[in-house]
Each structure stands twice: as structure tokens, then as C-alpha cells.
Amino acid sequence: MKRPYNFSAGPAALPETVLQRAAAEMLDWQGSGMSVMEMSHRGKHFSQICDEAEADLRELLAIPDDYAALFMQGGGLAENAIVPMNLIGLREAQAADFVLSGSWAVKSYKEARRYGNVAVAATAEQATEINGVQQAPWTYMPDPSTWKVRPESSYLHICSNETIGGVEFPDWPDLASLGAPDTVLSIDASSHILSRPMDVTRAGVVFAGAQKNIGPAGLTIVIVRKDLLGKALPICPSAFDYAIVAENDSRYNTPPTYAIYIAGLVFKWLKEQGGLAGMEALNTAKARALYDYIDSSSFYRNPVEPSVRSRMNVPFILHDDALNAAFLKEADAAGLLQLKGHKSVGGMRASIYNAMPMEGIQALIAFMKSFEQSHG
Ligand SMILES: *Cc1c(COP(=O)(O)O)cnc(C)c1O
């Protein structure tokens, strides 16, 4: 049986071989007589699973020893509170600055306002002209040279891939060059972590919910510089205090054990695919093929400024909204699932994370062409 191609933004498709392996090990993990779900999180079997997952994650992202790699719960939205509770008190001003690049960064900003002195460093909420083209709000990245980072701020927050708008930071900025050498970067990388190599040493903290590009919902990955730990606000729950989670090897309380196991299988799969350099080459080719086709057509359109188009989430609109329902129905019948765009943007969105093969992109383009022919 051939499975359909699943373009969900999240929870998203997983590699088929990972699902097959998990199915084969469901009742009895490697002769233990137990499903992974039935194991003590402190026992030797799960310790092996968890330690290997952490080691593979560290290898994939080249995470150095002075950074902790934590398995937590709460998802991206909980991190919007957990990051300020842990890091806003790093410096006396208890301040943090935010680059508003789309709905996820805006959510992070609004949540953090409950914990300290929070300001906007830059925003893409206004329409603007870039290279002679009028860009709608939230379809571009504010030029880093214009960001206002307060030198007394504990951290600057960015969302490095806006899952809804389809806007991706090609690179992370250097805060010393923005006049804030003692401020660290906080990065929400939920929807593009592991899609390409990333230099985590340029950030104080990088977090990501697992359900886009790693594994099942319920697991959150946090990579944080160890010398920033231990300054959590008194109101921070101990289960969310990075220092406590790190001291206890992500097992202070019961972690999402099955989600960690699946993530571990995905990490091994990524290593077989040539690691993150291999994924970047594939993801770049996938995104280029899809954007090239969209740009060549007058039936479909992607509104994002070309230099910051996401390689993971590709929103596109049809020239006539009245065709949206027919597009989705016929796509479904053709084995192309979950293409509906987010309600705030409309139209369609193809999320093409690591688990989407090039054949899925080719099938989508072929379907889009034939839909254009029959409805154009
Ligand atoms: C999906 C997503 C989130 C929200 O994650 P939850 O696990 O639902 O809390 C946060 N940030 C980004 C960039 C996302 O794509």
C-alpha cells in the first residue's frame, strides 16, 4: 500500500521507515518484553533510549558541551513563558526585545510581557516596498540593520521560521553588531529545526516543539547555554526550570517517553540521510522546485519576499478563492493531504518538512498543473 503525501503544518508527516520500526517494536522493545510506553523512565531500557537520542541530537546539530540539550513538555507556546521565566532575570533590567515577523513571534512577545520589561525591536506588521515590490504585512523580514536592541536586555527573541506566513530567517543576526554584545538570542525554531545545519552557539537558547520536524506532539527540545542557567524567576515552576531539568538529565519529572523514543528513531533516520547537510540539499531542491513552478504560473501566487521564503512552509493562493474548496477536494482524492492554508492567510499551504520526499513535491506540482488546466 502506498501512503498519500501529507502536507500538514503540524503535527506533520513522519518518515515511513520510522513508523514501520515503531510498529514492529510496539509490543516488545528489543527483547525487553515491554512496549516503550510501559517502561520506567528511570530504568535501564529507557535510559538507553533517552541517552542515545540526546547523543544523536548533539551529533546532528554539533551541540557543544557547554550547551544543555533538554527534552521538555509544554510545546512552543509554553516556551513563550518558560524562556522569560528562566532568562529575563539574567540582567538587572529584566528586559527582553522581540522581532515581530509573524503570528508566532507576536504570540511570544505577548506572553513574555507578563514577566518583565518587554519591547519590540522591529516589526513586519506594516506593508513596505522592497526592491521595488510592494510587500504585504508579515510577508518579509525587517532588515536586521534597523533592529533596535536595548543593550541592557537579557535576550532578543526571534522566530526563525514563521510557520503560518512562510517566512524564514536565512541567518541569525550577530547582536554585538547591533550594539548589544551582552544580550543573548532566544530562537523559536519549532518549524525548521533539523532542516539544515544551524550554529546553536550563536544563540543563548533555541527551542522547538517536536510535532513539525522531529516527532510526536508532547515533546519540546530546548538547547540552552549552561552558563545562563540558575537565574530563573522565583515564580518559575521547578519542572520548567532549565537548571533543574538539566541537572536531572531531562528526567526530573516523567518526560514524554514515547515521543522521545520516536524522536530518537527520527535522529537515526536523519543520520542515514547524510545528516543536516544532506537534509539541507534535499530541502533546498524541494523548495526551489515548488517556488519555481508557482512563480512560473499566473494561476498560483506566493506573496513572500523571495530572499526570506521558507523552505519548510510554502503558502500559496489561487487566483480565484472560489476554487479553494474544489482544489482541496481534488487534491485529497489525488492522495495529497492537508493542503488547506491557515485561516489568517487563506489559500493553501504546503508544509514540506524533512519527511516529505522529492516525489511528493513532484506529485503536488503535477496536480497543480492539471488543476490549472481544468479550472484555468
Ligand atoms: C507550531 C508552532 C508553535 C506552537 O507549538 P505548540 O506545540 O502548539 O505550543 C510555536 N512556534 C512555532 C514557530 C510553531 O510553528
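Heads up, the Cβ atoms here are built off N, Cα and C, so glycines get one too.
As annotated by TrEMBL, domain 'Aminotransferase class V' applies to 5-364.
The L-glutamate binding site annotation in TrEMBL covers Arg42. When secondary structure is read from DSSP and collapsed to three states, Arg42 (L-glutamate binding site) falls in the coil class. The Cβ of Arg42 (L-glutamate binding site) has 10 other Cβ atoms within 10 Å, all protein chains considered.
Residues or ranges marked as pyridoxal 5'-phosphate binding site by TrEMBL: Trp104, Thr163, Asp188, Gln211, Asn253, Thr254. Around Gln211 (pyridoxal 5'-phosphate binding site), a 10 Å sphere centred on its CB holds 23 further CB atoms from the protein chains shown.
In the shown protein chains, 28 other C-beta atoms lie within 10 A of the C-beta of Lys212 (N6-(pyridoxal phosphate)lysine). The secondary structure of Lys212 (N6-(pyridoxal phosphate)lysine), as reduced to three states from DSSP, is coil rather than helix or strand. Annotated N6-(pyridoxal phosphate)lysine per TrEMBL: Lys212, in sequence order.
Only Asp188, in sequence order, out of the binding-site residues Asp188, Asn253, Thr254 have a CB under 6 Å from ligand 1. Each residue contributes its Cα atom, and for Arg42 (L-glutamate binding site) and Thr254 (pyridoxal 5'-phosphate binding site) these two points are 9 Å apart. Cα of Lys212 (N6-(pyridoxal phosphate)lysine) to Cα of Thr254 (pyridoxal 5'-phosphate binding site): a span of 22 Å. For Asp188 (pyridoxal 5'-phosphate binding site), the same-chain residues lying six or more positions away in sequence with a CB closer than 8 A to its CB are Gly76, Glu79, Asn80, Trp104, Ala105, Ser108, His157, Ile158, Cys159, Ser160, Phe207, Ala208.
Most buried of the binding-site residues Thr163, Asn253, Thr254, judged by other Cβ atoms within 10 Å, is Thr163. DSSP assigns Asp188 (pyridoxal 5'-phosphate binding site) to a strand in the three-state reduction.
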